[in-house]
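Some notes on the structure that comes next.
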Amino acid sequence: MDQLDQLSDYFPPPLPVGQTLFDWGKRTYVMGILNTTPDSFSDGGEFNSLPTAIHQAKTMVQGGAHIIDIGGQSTRPGAETVSLKEELERTIPIIQALRQELDIPISIDTTRAEVARQALQAGADMVNDISGATFEPEILAVAAQHKAPIILMHIRGNPQTMQNLTDYGDLIGEMRQFFSAQVDLARHYGVLPEQIILDPGIGFAKTAEQNITLLRQLPELKRLGFPLLVGPSRKSFIGKILDQPDPKERVWGTGATCCRAIAGGADIVRVHDVEAMAQICKVADALWR
């Protein structure tokens, strides 16, 4: 029996993060994306100065965001890795400034333990690791030390190689195995089960068809007993369905995807277009919760 089978009947208790209590199952929480990068796939270069980043964060809060997710390293397919120094310079000043002005939970989107450590010291509340702690497992020790929730995403390879690693015999079964190993590792490092959130990793080492399959079978991952974060925002599989090459024109396709995710048990949706998605989530919650 693997780690997750042992926890299959575990229902996550409410999670306090800063001044917010996340009461799982009662509503969908909206995570607003704040990329401070010049090369993110849909908003690169728009918010990589302190004034524009702060303005965008406040706009997202006014639009209904419950979490602001700050990232200084693009994770689009083929993205090059920036230096540790550059990633810190892109994120830490913004976290420090936002912490002075907003009470909302702040998430640091990073795969590096040192970035996570400095971000949490600067005022971030949680860690969002798109590698699921496979790049730098010591990031789990940082989260445990700070008693910070951590989001573990499913991926194969890295942003340079992941789209060549989409050959699955059993997509959901292999994702379960991945999460089993990473949850076990997180607990080994001292992360409490109630501080773990899982992300199936839409668009990461998955084809368009596999992303659709994943969304259809999301309840199978919900059965693992952990809160689920789903990040479909403006992704290329939506563009393929809509024949829409411009990521910013995929808003309503993103909305439809969020509805499917919520019906399948998603607890958090990670999105660019916060105001529109917050309204969609409210209606979806009224229908399915």
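Numbering starts at 1 and runs along the chain as displayed.
Placed from the backbone N, Cα and C atoms, the Cβ positions cover glycine too.
Sequence annotations record features per position, and here Swiss-Prot assigns domain 'Pterin-binding' to 28-282 based on sequence analysis.
As annotated by Swiss-Prot, Mg(2+) binding site applies to Asn35, with the evidence given as similarity to another entry. Secondary structure at Asn35 (Mg(2+) binding site), as computed by DSSP, is strand.
Annotation for Asp199 ((7,8-dihydropterin-6-yl)methyl diphosphate binding site): spatial neighbours Asn128, Ile130, Gly132, Ile151, Leu152, Met153, His154, Leu228, Leu229, Val230, Gly231, Arg270, criterion Cβ-Cβ under 8 Å with sequence separation of six or more. Feature annotation from Swiss-Prot assigns (7,8-dihydropterin-6-yl)methyl diphosphate binding site to Thr75, Asp109, Asn128, Asp199, Lys235, Arg270, Val271, His272.
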To the nearest whole angstrom, what is the C-alpha distance linking Asp109 ((7,8-dihydropterin-6-yl)methyl diphosphate binding site) and Asn35 (Mg(2+) binding site)?
-> 9
Just checking, which of Asn35, Thr75, Asn128 (binding-site residues) has the fewest C-beta atoms within 10 Å of its C-beta?
-> Thr75
Expressed in angstrom and rounded to a whole number, the (7,8-dihydropterin-6-yl)methyl diphosphate site built from Thr75, Asp109, Asn128, Asp199, Lys235, Arg270, Val271, His272 spans a maximum Cα-Cα distance of 18
Cβ neighbour count within 10 Å of Arg270 ((7,8-dihydropterin-6-yl)methyl diphosphate binding site) = 25
